[in-house]
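J.: Below is a structure I'd like to ask you about.
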Amino acid sequence: MDSALSDPHNGSAEAGSPTNGTTRPPSTPEGIALAYGSLLLMALLPIFFGALRSVRCARGKNASDMPETITSRDAARFPIIASCTLLGLYLFFKVFSQEYINLLLSMYFFVLGILALSHTISPFMNKFFPANFPNRQYQLLFTQGSGENKEEIINYEFDTKDLVCLGLSSIVGVWYLLRKHWIANNLFGLAFSLNGVELLHLNNVSTGCILLGGLFIYDVFWVFGTNVMVTVAKSFEAPIKLVFPQDLLEKGLEADNFAMLGLGDIVIPGIFIALLLRFDISLKKNTHTYFYTSFAAYIFGLGLTIFIMHIFKHAQPALLYLVPACIGFPVLVALAKGEVTEMFSYEESNPKDPAAVTESKEASASEGLEKKEK
């Protein structure tokens with residue numbers, strides 16, 4: 001998992017250092033401010049809208065939109081798995097040709113990016129289809145076994161409108177595959193981030209604290225303790241980071257001196273912020289206190305990361321600043337309101353769990369019976 005805020009990117013040198021026998025002109029203060037401000041804004045968008053969509057996702061009954069619930073065991077193992085993956089990628093780049101590895105990764109993320117972008121834009125595109133649009137329903141179903149032992153492997157429902165979104169997303173995919181343009185990279189990165197925040201659900205606040213705490217240590221170690229994360233981030237030509245050129249004002253869309261933000265710095269705090277929004281709703285007080293508090297904490301933490309990085313001219317582990325802010329601010333608010341017990345006792349069931357599915361079916365049947373009686 002790439003989770004560092006860095007500058008610059010893609011082999012570009014620090015301002016004023018030689019590159020291919022020439023000296024890169026230093027970025028202007030305006031260009032730096034534009035780059036950092038844009039990264040901050042791009043980070044906030046998938047968190048805000050992904051959190052809102054996570055509420056609908058948690059209530060949804062469509063099997064294709066079922067969230068993946070992260071338990072405390074998953075959270076504890078995640079930093080270890082992420083470390084092994086990161087180190088494996090680092091060794092691959094050291095041993096094998098970077099060109100061939102990135103070609104394979106480009107094809108992989110080309111497919112994933114199209115699917116993620118299509119899922120992201122689908123709700124917005126539905127507003128532009130005319131009422132008489134011939135919309136047909138489809139279902140992709142793969143099962144194994146037969147009779148009572150039949151088990152669903154894939155159950156994906158979609159319609160003609162989704163196919164149109166898939167076609168539009170494919171255009172961006174081809175653009176990214178052929179040009180590796182930073183705008184196409186960011187469109188895929190934003191889609192990955194929004195889908196992550198929407199579809200990855202923490203089952204409770206304690207699990208969120210375990211996950212963020214573990215990745216806090218992971219981020220600090222791999223950024224400050226080694227050069228592994230920054231090396232992989234600069235070598236890895238895939239939309240796993242958001243980038244924005246600091247020399248956009250001088251070179252326009254062909255700018256190449258990038259600041260970057262790893263998607264891990266968006267998705268990991270984002271799923272915790274989304275959990276707090278669902279907790280707010282569970283309180284039934286018609287306020288979103290914890291959501292707005294954690295959202296403001298994220299802005300503070302990322303802003304502090306950018307400030308520290310600009311002062312010390314060194315890549316920063318953003319979770320070093322984001323984790324204390326995103327956990328600390330809401331807990332302080334809960335202490336002030338006397339709701340710490342409610343916060344840490346809030347629990348979400350796994351919608352893919354057989355018991356939860358049975359309970360959901362029983363609730364639906366009960367609702368249908370009540371409507372008939374009325």
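Cβ from N, Cα, C; glycine included.
In case it's useful when we look at the structure, here is the feature table from TrEMBL:
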REGION    1-27  region 'Disordered'
TRANSMEM  33-55  transmembrane segment
TRANSMEM  75-93  transmembrane segment
TRANSMEM  205-224  transmembrane segment
TRANSMEM  258-277  transmembrane segment
TRANSMEM  289-312  transmembrane segment
TRANSMEM  318-336  transmembrane segment
REGION    347-374  region 'Disordered'
COMPBIAS  359-374  compositional bias 'Basic and acidic residues'
J.: Against which stretches of its own chain does the transmembrane segment (205-224) lie, if we need a Cβ under 8 Å and a gap of at least six residues from its ends?
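T.: Same-chain residues near the transmembrane segment (205-224) but 6 or more away: 1, 3-4, 70-72, 74-76, 78-79, 82-83, 86, 230, 264, 268-269, 271-272, 275-276, 279, 315-320, 323, 326-327, 343-344, 346.
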J.: Using Cβ atoms and a strict cutoff of less than 8 Å, what residues sit near the transmembrane segment (318-336) while being 6 or more residues removed from its termini?
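T.: Sequence-remote neighbours of the transmembrane segment (318-336) are 3-5, 208-209, 212-213, 215-216, 218-220, 261-262, 264-265, 268-269, 272-273, 276, 289-290, 293-294, 296-298, 300-302, 304-305, 308, 342-343.
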J.: Please work out which recorded stretch in 75-93, 258-277, 289-312 has the most C-beta pairs separated by under 8 angstroms from the transmembrane segment (33-55)?
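T.: Stretch with maximum Cβ contacts: 258-277.
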